[in-house]
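*Asks:* Would you mind keeping the following structure in view while I ask a few things?
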Amino acid sequence: MEITNVMEYEEIAKQKLPKMVFDYYASGAEDQWTLQENRQAFCRILFRPRILIDVSKIDMTTTVLGFKISMPIMIAPTAMQKMAHPEGEYATARAASSAGTIMTLSSWATSSVEEVASTGPGIRFFQLYVYKDRNVVAQLVRRAERAGFKAIALTVDTPRLGRREADIKNRFTLPPFLTLKNFEGLDLGKMDKADDSGLASYVAGQIDRTLSWKDVKWLQTITKLPILVKGVLTAEDARIAVQVGAAGIIVSNHGARQLDYVPATISALEEVVKAAEGRVPVFLDGGVRRGTDVFKALALGASGIFIGRPVVFSLAAEGEAGVRKVLQMLREEFELTMALSGCRTLKEITRDHIVTDWDHPRPHPRHLPRL
């Protein structure tokens, strides 16, 4: 059966992967309300296409933190990719590079920053969790810098791990033949079996719950790399992120894996964009499965989007070729959406190209009250 969209990889991954692994990738926190909402909220945004515009040439290129990429579709950090496929992060890195876009490597990758750098050229960001031992953090950031990574995506929504009930039921732990490669030499690369989720216990033991805005400042003292704050959902925090000197904001709810009943990222996006006032770029992850979703995010002010689960599901199904295909399908769908909406460049995508269910309906002249 030919695969014609990104969603179809999920079912293939479900058939191929061990239950513990698939559930880890697929599930969200608690009731998984936000997990469904991340998708559903896109369905409540409709297009206002403009017609009779010459769309024979479409330019999807953009720059992110000064780096030119082929399209505003990038790869979000997802942990432990070798659980999905033996080539893991290597395959993802090669697919991103061949698509001319950015890959974000997870702190909890099953391949190290050096190994991923060895796959060849490419623009790569490094997602950072702040460990209690700050020497571990400083060392890791230095290694990412030396390996040619271009930015740090600081995850700020995980002082504790969200309650993911599938992982508790499955007693999730990293398979014995794998390690969290970035921490291997520090005796932090293994995850013990626990009475609940092995990852939750690992986080409780290692990740710093005291993390605060002053640590973003501290991070700036140990690296020259631009810092993206990943996990912002409110205008208040967007303003502070700008004040402390973040280079950008990623509107994210951690794939709906942390606090359940937060809004979909596409619903929170506009508030954050307005608060940032154009001073830093705002990106989005969570729920993007179609080129139409990418367009909707850009129309609401995002500078680009990141995809997570589609990467691990396609990786599980077809390895590097699967990830390439996901990037290619999203690219082609996005290009088609631009053409059918009458937009030739990303700059031409505006708020007027969409209507959302939270827009105030403009009263039809017929329904205006008689004076």
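Glycine is treated like the rest: Cβ placed from N, Cα and C.
Grabbed the feature section from TrEMBL, which reads as follows:
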DOMAIN    1-359  domain 'FMN hydroxy acid dehydrogenase'
BINDING   Tyr24, Tyr129, Arg164, His254, Arg257  glyoxylate binding site
BINDING   77-79, Ser106, Gln127, Thr155, Lys230, Ser252, 285-289, 308-309  FMN binding site
ACT_SITE  His254  active site, proton acceptor
*Asks:* Pop the Cα-Cα gap between Gly287 (FMN binding site) and Tyr129 (glyoxylate binding site) into the table, whole Å please.
*Replies:* 22
*Asks:* Check each residue in the chain of Arg289 (FMN binding site) that is at least six apart in sequence and keep those whose C-beta is under 8 Å from its C-beta; list them in sequence order.
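*Replies:* Same-chain residues close to Arg289 (FMN binding site) (Cβ under 8 Å, separated by 6 or more) are Asn5, Val6, Met7, Arg39, Pro310.
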*Asks:* List the residues of the same chain that sit at least 6 positions away from Asp285 (FMN binding site) in sequence and have their Cβ under 8 Å from its Cβ, in sequence order, or write 'none'.
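*Replies:* For Asp285 (FMN binding site), the qualifying residues are Ala76, Lys230, Ile250, Val251, Ser252, Gly255, Thr265, Ile305, Phe306, Ile307, Gly308.
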*Asks:* List, in sequence order, the same-chain residues at least six positions removed whose CB sits under 8 Å from that of Gln127 (FMN binding site)?
*Replies:* Pro77, Thr104, Leu105, Ser106, Ser107, Ile152, Ala153, Leu154, Thr155, Lys230
*Asks:* How many Å lie between the Cα of Gly287 (FMN binding site) and the Cα of His254 (glyoxylate binding site)?
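*Replies:* Checking the Cα atoms of Gly287 (FMN binding site) and His254 (glyoxylate binding site) gives a distance of 11 Å.
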*Asks:* Checking the spread of the glyoxylate site as listed (Tyr24, Tyr129, Arg164, His254, Arg257): what is the longest Cα-Cα distance, in whole Å?
*Replies:* 19
*Asks:* Cα-Cα, whole number of Å: Ala79 (FMN binding site) versus Arg164 (glyoxylate binding site)?
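*Replies:* Distance (Cα to Cα, whole Å): 15 Å.
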*Asks:* Report, as a single number, how many Cβ atoms besides its own are within 10 Å of the Cβ of Pro77 (FMN binding site).
*Replies:* 25
*Asks:* Using all protein chains in view, find how many other C-beta atoms are within 10 Å of the C-beta of His254 (glyoxylate binding site).
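*Replies:* There are 24 of them.
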*Asks:* How far is it from His254 (glyoxylate binding site) to Arg309 (FMN binding site), counting Cα to Cα, in Å?
*Replies:* 11
*Asks:* Rounded to a whole number, how many Å is the Cα of Arg164 (glyoxylate binding site) away from the Cα of Arg309 (FMN binding site)?
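*Replies:* Cα of Arg164 (glyoxylate binding site) to Cα of Arg309 (FMN binding site) measures 16 Å after rounding.
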*Asks:* Taking all residues of the domain 'FMN hydroxy acid dehydrogenase' (1-359) together, what is their mean pLDDT?
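*Replies:* Taking every residue of the domain 'FMN hydroxy acid dehydrogenase' (1-359) together, the mean pLDDT is 96.
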*Asks:* Of Tyr24, Tyr129, the binding-site residues given in the record, which has the fewest other CB atoms within 10 A of its CB?
*Replies:* Tyr129
